[in-house]
Every structure is written in structure tokens, then in C-alpha cells.
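Here is the structure we will look at, set down as C-alpha cells.
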């Protein structure tokens, strides 16, 4: 079966679908204030465009292990693209905020399927010693899409109608659907597998509440009753979900993947790196806009060069993973990341735009050595029958880690900003208090991220990560 697959064509179609799906996911981040103005809604209400998308996405990802077992590759990919198309049409014609939000939720349903599907297909059609290169190409789509999204979105909002954020997607999605019908072949055919309804309910409630709780902790505070209740109840439900999976002979989501030490350790590093990545994506624009008075478009331009370099390096580091293994890449990457976090622990009102751009380029170079090799190393360690479960777990972990990282860094920033504002007021300062407090608080929050990077390096040094090898070589060593 695998020999008959045109891997390049298959990978190309998947890459296009993944790119549009991820682009759509990050396209609205700098457009939320515009929607507040257009639909006359509050900041709390408009935030549901991001929060709701993340919740639907996060709830669906654990379900993908079952979906990939039940349905064929073509069925799942085309369905995810159709959901993206329908959601984009809803958003493009939205007469009010409710219709826009419904369209966004439909888009999220498609996005939740596509990423685990892409990773699973790569793991199935490529041998272990070539998966790094293929995953590196996936990384190109995963990294380049959010890299250009803020700049593209800022341009559309500033010079064209906001509706073009969605109208522009529609013909591109249609082209990908047509390409999929013509060229996409089935890697898996699907089988008659019964749906464990109780597991679906537990998964939806558990992951949904945990994601909701953490995503609101930064803005509402950790002492907020709804935040605390969501996180605590969500964790308790996930404990019940885990017990059910461990007792099942055919689990909905096989959590036994964590019995594999390499997968567990790479997942732990993945959590830390994702927390850092999401936190930096939140914190740097806050510093630039609230502390320095730059526009969202300026912030997007600052992030763009580093993200493009990250995307370009992703296929290259994928090939290096195949050649050298994961551990040396992780160490090199973290030796770029740690100084990149350290140099922004002393931000001032005179820190230059150019300095921050160069720093972000160094950070992104470091991340290119880590992100996709990390996913590949963890999944490579699993037997083939657990790969779909591994990709679902992997992507779920990243969603939760991103929510936690954002919540923690916003909490640190908010607490420090309030403290600095009080101190500056007590010193008799009357102007520019909010901007200075924002600058000092951003610096303190970066200390937390630098500590995370050091912890990731320590874990990497003590994690046994073998170089990938072909099945033939593995048999020779047995």
C-alpha cells in the first residue's frame, strides 16, 4: 500500500490544507478590536472568537484517534476542509456577531481534525529514518502560517474590509478540496469501530473545562470561582476518563502511550516549549503596544522575520534529525532560546525595535531545532498501532500547555504591572505610569520563561533519545 502512494503529492495536498487551517486559526488575533467596533460588543464577548475556537479545537483533537480508526484518510481530510469552507462562508457573510461566532466554531471543528491527521499520515507512509524530513515540511506550514497571519490580518483590517479575512480563504479552500478529490489517496481505509459515548462525554467535559479555566485565569484571576471550578472539575473528570481508558480493551484514547519513557519525556519538554512559545507570542505584543505605543501591525512586522527563518529552517532541522537524532538538536536549540529569554529580562523604554527583532530571530532559530524534531522523536518511539493515539495526545498536550503558558505569564504580568504602578504613583510620578509599569512587568515575566527554558535543557540532558533507524537496522541489532 505505502509503495503505491505518491508521497510527494500526498504531502503537498496535506501541507496546503494544514497551512490554510493554521492560517485561519491565527488570522483573527490582531483583528479582535476591529470586531468590537463593527459589532458593538465588549472585549469579553469578542474574546470568544479566540476562546471558542480554542475550546472546539481542543475538544475535537482527542476524538481524532477514534475518527482516524473509523474513517478513511480522504473522508477525514475532505470533511475538515469542507468544515473550514462552510465556516468561512458563514463568517464572510455574517450580519451580526452571533453568526460570526457560529462560523468560527465550524472552522474550529475542521482545524481540530487536520493537524493530528497530517502527523499520523506522515508517521504511516515514511520509515523512521525519513520521518524527520517529512515532519520538517509539516513544520514549514505550521510555522509559516502563524508567522504571516498578524501582518496579513493587519494589512486587510487597515486597507480592505474585514470580510476579506474570510472571503480570501474561500477560493483557496475550494482548490484544496478539488486537489484532494483528485490526488489524495487513503493511507488508512477505516474500520467498523464502536464509539464509546461515555468516553466522548468525559473527554469533552474534561478537556473543555480545563482549557476554559486556564484560558480565563489570566484575565479573571486565579481566585475567580468559575476559573477554579472549571479547572478542578475538569481535572476530576479527566481522572475518570483516564481510568476508563486504562480499563478498556479498545480505548477511545490510549493513554498507555505514556508508558513509553521517550514519549513521556518528549511530551514534558513539549509542554514547556509550548508554554514558552505561547507566552512570548502574548507578552511581546503587550510590551510593544501597551509599553511602547507600537501598533498591532508593527508588532506583526517585528515577529515576521524570525518566524519566516523558523519556517525555512524547519525542513533543514528535520533532515538533521534523521541524521543526528533529537538530543543534539534540542541542546543546540535551547542554547539559542535561553539567552533569547535572558536579554529581555531588562526591557526599558529605549530598547530598540531592531534589537527586539534580532532577539526574536535568535529565539526562532532555537525553536526550529526543537519543535518538529520533538514531535517526531516522541512519535517515533511508539509502535505503529499507537501512532494515531500518540498524535492525538501530542496535540492535546500542546493545546493545554499553550493555555497554561498564556494564563501564567498574563498572571505574572498583571500582578507585577499593578505593583509597579502603585510604586511609581507613591514616588510621585504622574505621567506615563501605565506604560512604565507595563515595561517593567514584561521584563519580570520573561524571567519565568527563562527558567522554563533552563528546566527544558536539564530534562533534555537526562532524556535518552536514540537516533532514528530503519526497521532493517533495528532487526540487525536484535
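The first residue you see is number 1, and the count goes up from there.
Cβ from N, Cα, C; glycine included.
The stretch that TrEMBL tags with transmembrane segment, taken from the ranges 356-375, 376-395, is 356-375.
Record note: among 226-242, 243-259, 226-242 is the stretch given as transmembrane segment by TrEMBL. Listed ranges 263-288, 419-444; the one TrEMBL annotates as transmembrane segment is 263-288. As annotated in TrEMBL, transmembrane segment covers the listed stretch 396-415 rather than the other ranges in 16-35, 396-415. Nonlocal intrachain contacts for the transmembrane segment (197-214), taken as residues 6+ away from its ends with a CB within less than 8 angstroms of a stretch CB, comprise 51, 54-55, 58-59, 62-63, 226-231, 233-235, 237-238, 240-241, 244-245, 248, 251-253, 396, 399-400, 403-404, 406-407. Sequence-distant contacts of the transmembrane segment (356-375) (same chain, at least 6 residues past either end, Cβ-Cβ under 8 Å): 119, 132, 135-136, 138-139, 142-143, 266, 269-270, 273, 277, 280, 284, 288, 302-303, 305-307, 309-310, 313-314, 316-318, 320-321, 326, 329-330, 332-337, 339-341, 343-344, 394.
Within its own chain, the transmembrane segment (325-344) has Cβ neighbours under 8 Å at 266, 269, 276, 317, 356, 359-360, 362-363, 365-370, 373-374, 376-377, 442-443, 446, 449-450, 453-454, 456-457, 460-461, 463, 465-468, counting only residues six or more beyond its boundaries.
Highest Cβ contact count with the transmembrane segment (108-126) among the listed stretches 80-102, 138-157, 163-185, 226-242 falls to 80-102 (criterion: pairs under 8 Å). Counting Cβ pairs under 8 Å to the transmembrane segment (138-157), the stretch among 48-68, 263-288, 294-313 with the most such contacts is 294-313. Here the transmembrane segment (445-465) has long-range neighbours at 261-262, 265-266, 268-269, 272-273, 275-276, 279-280, 283, 325-327, 330-331, 334-335, 337-338, 341-342, 344-345, 347, 377, 408-409, 412-413, 416, meaning same-chain residues at least 6 beyond its ends whose C-beta is under 8 angstroms from one of its own.
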